[in-house]
Structure formats: C-alpha cells, structure tokens
Amino acid sequence: MEVFFLQICVATKNKHKFEEFQAMMGNSYDLLPLPVHVEEAPETGHSFQEIALQKARFYALHTQMAVLADDSGLVVPALGGKPGIYSARFAGKHGDDAANRQKLLMEMEAIPDERRQAYFVAALVVVDANGNVMAASEGKVQGMILRKEQGNGGFGYDSLFYYPPLHHTFAELPPEFKNQHSHRTVALREILRQLKESSASL
Ligand SMILES: O=P(O)(O)OP(=O)(O)OP(=O)(O)OC[C@H]1O[C@@H](n2cnc3c(O)ncnc32)[C@H](O)[C@@H]1O
Ligand SMILES: [Mg+2]
C-alpha cells in the first residue's frame, strides 16, 4: 500500500498554510480544512514541536479525525531568536502580518548586513483521531532579512525573507518555487516518509 490513509484534516486556521499543503500533497491525500466553528487551539507550549503537538491533539479531539498540525515561525539569531514561537503575534495582535513585518524591520534597523541571517522553522505533527503521534518532524530554511519588503506573494514574513539560492524573496517567487524549498516542504517530506514507512510495516 502506498499511503497509510487518504483523508486527513489540515489543522490550521491559516488559509495560506492550507493552500501550501494542498499544493504540496493534495494529489496524494484528500485534505480537509478545519470545520469553521472549531475554536482556536491554545498555543502555550515552549517550542515549535511542543506547540505543534498541542494543536494536533486539540484539533483531533475536536474533529475526531486524524490531523496534520503545523507550528512555524521565523528565527533571527541577531535578535536572540525572536520572533520565534511568537512569530504570529510579534507586534501584539495575532495574525497581523503587516504589523509583524514592520516591527521586525524596526528591531533590525541597526543590525548590519552581515548579521541579518534568519531561518524559518516548521514543526509538523500528524496524530490519529485518538491523539497518538503517527509522524513528527521539523524543517528549516536559511535566508536573510532585507531592509524593505520585496514581492506580493506568500504571507507572513515572506516579503522580507531573501532566499540566496533563488536570488529572490519567497514573496517574489511563484508559489511552486517556495513550495520546493521551504521549511514546510522539508518537514513535510519527512512526514510523508514516516507515514509511508509505517504503512509498509503494517
Ligand atoms: O496556528 P495556525 O492556526 O496553524 O496558524 P498561525 O498563522 O497562527 O500559525 P503559527 O501559530 O504557526 O504562526 C506562524 C507564523 O510564523 C510566520 N510564518 C510561518 N511560516 C511562514 C512562511 O512560510 N512564510 C512566512 N511567514 C511564516 C507567520 O507570521 C505566521 O503567522
Ligand atoms: Mg497559531
């Protein structure tokens, strides 16, 4: 058997993440969004992995389905790791991407070009309907934080994240380029490998 199951709920309230998962794995899996009425999972964990598991179990309980959860963010070593697990609410209001980018630019104003390295992290967890972990992984991608935004695609910090191998920000590239190289893709490849391996051993 090629895959362990075909139907999975992508447990995120972020429609951009859902679209990325759809583009990356929609051909092999039947992906369902969260039902609209489900409340937002608490995110009180202290690491990307811990929060991803927290979200996965919360949404599995509420949907009674196998779910894939994603906790992700931007890490800037020159800022001591900020915004990190607080990436979605760096400027205060959850999900205000424009305000988060402005705050990042302000905090990095005095940081010279040679110290503007950053990386995105995505922790992914798949649990079954009972909350048992079926697969878990973490992906990273390295880049640089620009001094002004470039590009209109993507979401979050993409327009500030310059990806040297492709000479553009993630927001300037067509989605398929980001989806070949991103932290989310790196983590997802490993998740799919783990799911296939466990289905092969059944
Ligand atoms: O928790 P869910 O419902 O999945 O949706 P969310 O947007 O709140 O997701 P997170 O808690 O994982 O926070 C992720 C934040 O990190 C940033 N981020 C994560 N992945 C990104 C990407 O691929 N491109 C740009 N920014 C990203 C962006 O600011 C996101 O809001
Ligand atoms: Mg969140």
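If you go along the chain as it appears here, the first residue is 1 and each next one adds 1.
Note that Cβ sites are derived from N, Cα and C of the backbone, with glycine treated the same way.
Predicted, not measured: the structure shown is a model, and the values here were computed from it.
Straight from TrEMBL, the features:
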type: ACT_SITE; residues: D71; note: active site, proton acceptor
type: BINDING; residues: T12, K13, N14, K15, H16, K17, S72, F155, G156, Y157, D158, K178, H183, R184; note: substrate binding site
type: BINDING; residues: D71; note: Mg(2+) binding site
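Everything TrEMBL records as a feature, shown here on the structure.
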residue: T12; record: substrate binding site; contacts (Cβ under 8 Å, 6+ apart): F18, L34, K55, A69, D70
residue: N14; record: substrate binding site; contacts (Cβ under 8 Å, 6+ apart): G95, F155
residue: H16; record: substrate binding site; contacts (Cβ under 8 Å, 6+ apart): G154, F155, G156
residue: D71; record: active site, proton acceptor; contacts (Cβ under 8 Å, 6+ apart): E43, G45, F48, Q49, I51, A52, K55, I85, A122, A123
residue: S72; record: substrate binding site; contacts (Cβ under 8 Å, 6+ apart): K17, F48, S87, F120, V121, A122, A123, H183, R184
residue: D158; record: substrate binding site; contacts (Cβ under 8 Å, 6+ apart): G151, T169, F170, A171, K178
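Listed in sequence order, the recorded positions among H16, D71, G156, D158 whose CB lies under 6 angstroms from an atom of ligand 1 come out as D71, G156, D158. With a 10 A radius on its CB, H183 (substrate binding site) counts 24 other CB atoms from all the protein chains. Secondary structure at S72 (substrate binding site), taken from DSSP and collapsed to helix, strand or coil, is strand.
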